[in-house]
């Protein structure tokens, strides 16, 4: 686990208590993300000011303060790694640009310290350790090598490498994983380039060319063979699944379905770009063009940042977070240029540029229209037209259009923040036709029931999406949670959910499961329930247990996934289906639909007569959104399945007495009758 988030919250809490400011640690965790959001705005201002000017920096700070793409991780209560990591990302980039511009070791050491904090906070530090070497490599290709670049990168790589290895969770990964090999390669290339620059001044041209050819060929061969050997022997680990899926987008779905099952790892749609960035999607290419048009060392960096961030954001929805800061910066540069051009004062040139001698001759001799081949002297009317500039009407129209765009952007950000990113995921809301709002609090209701009605050592089996919520709000142990590093354990849970009840019971007994929790949205039409996620459970289980689970068994012969009577028998008898639709066939939601009609799938379920042998229903929330089942314990002695014994004993007739009813003799059924016999002879005995 990356310790940066917890250390930051604990340090702030300790400092405030040292200053006699009594604050609960819970309040620190709630307001940590908004505080760092303000720091992110400041770091974005500093970085944009270094890239362009102060006006663009102010606009960039305003944009990132309200843009939905970042505010989704910076609202109050969002205690996540990304809340502090984006500040560390932007501040590290600012210090890197400062280091390249000045060539100062002081700024480079500050950049290394910021990088160290980023490594402790988020696994996205790999983006930094690959983007900065890419910047240096492109500068070498563009023949922009300088002593400043050499000092900045050499210091950053050595000090940053040592500092990053101090994080226990990272350890020796910077020198043993493929994600960090590009930085090492660029460092070696930079040293070789600097050495060749040193030799160029001391050798003849012929000697330098011969040495250059031999040296480059030998070095490339040694590096290539070394990387192959170290990778083959296992010293250098290959690309991990998450990073490899960035380059091969179909790799995760085939080989590691647990990665593809995460909604944040799905490809980004165009709607998501507009939803999270709004008008900035259209304006940031203009800012990128301005940077490329007026290129320098630091603008090469922001151009590479923008191009790489756009690619990665298109591959994964989660990486929209890394695209948002650079979009805000480049859009701010575009708006700043437009405002400077249309709102700037028309200053008269006191010292106009020196004109060409041919133009002066043309003014002296108006009759000479052609002084040089291919050059025509401009008429006086054309010269006056170009010097007049833009009229006040055009300036006003363009300025009003820009202000209207900014106003629409602010309204959109407010609406998205209010409706999409301000509500907690544990409380759902729906709206009626008249506009009134209904609050669905089934999650907290179920977690409260777990906390109050189950043993404190009880184990709850659910899909990994709800692991953190169960552990935090119900204070119960879960088998899997949102830290999806153990693929085999998650696959075992998926196998239990997709097997029949008897096979699932054996798995649950081996895992000491006491309760099973599922999410069912068929009553209220909630599309994020476990039935809609069920195919991912099957795929993950099939990856680890291909002999027992096959995805094709859960589809119809026509290749459809259906929950009605036409559905696959394997699906209709699996544990997840039975737990979701238990007693649902008796429920009629309205007069227009038959009993057992699933509103989410718009179908009448195919198996209404569901009975359990090893489970029993323990709790169902108000809107049937959360259902909890208790796993029955094994009986001490199993009941034998046998028929009652049949005997041929004919009952004796009842003894009827002639006495009165008050003095009737009693009768014992099957009374043992003793017969008197002869006394046995002792001699024979």
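Note: Cβ is positioned from N, Cα and C throughout, glycine not excepted.
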*asked:* Suppose you had to name the range TrEMBL annotates as region 'Disordered'; which of 350-371, 372-393, 394-415, 416-437 would you pick?
replied: 350-371
*What range among 211-232, 233-254 does TrEMBL record as transmembrane segment?*
211-232
*So what's near the transmembrane segment (299-317) in sequence-distant terms, Cβ-Cβ under 8 Å and 6+ beyond its ends?*
51, 93, 96-97, 100, 127, 131, 134-135, 138-139, 142, 144, 245-246, 249, 263-268, 272-273, 284, 288, 291-292, 323, 326-327, 329-330
*asked:* Mean pLDDT for the domain 'Oligosaccharyl transferase STT3 N-terminal' (1-330), rounded to an integer?
replied: 89
*Output the single range from 54-72, 93-116, 122-142, 211-232 maximising the number of Cβ pairs under 8 Å to the transmembrane segment (270-292).*
54-72
*Count up the helix, strand and coil residues in the domain 'STT3/PglB/AglB core' (460-516) according to DSSP, in that order.*
33 helix, 6 strand, 18 coil
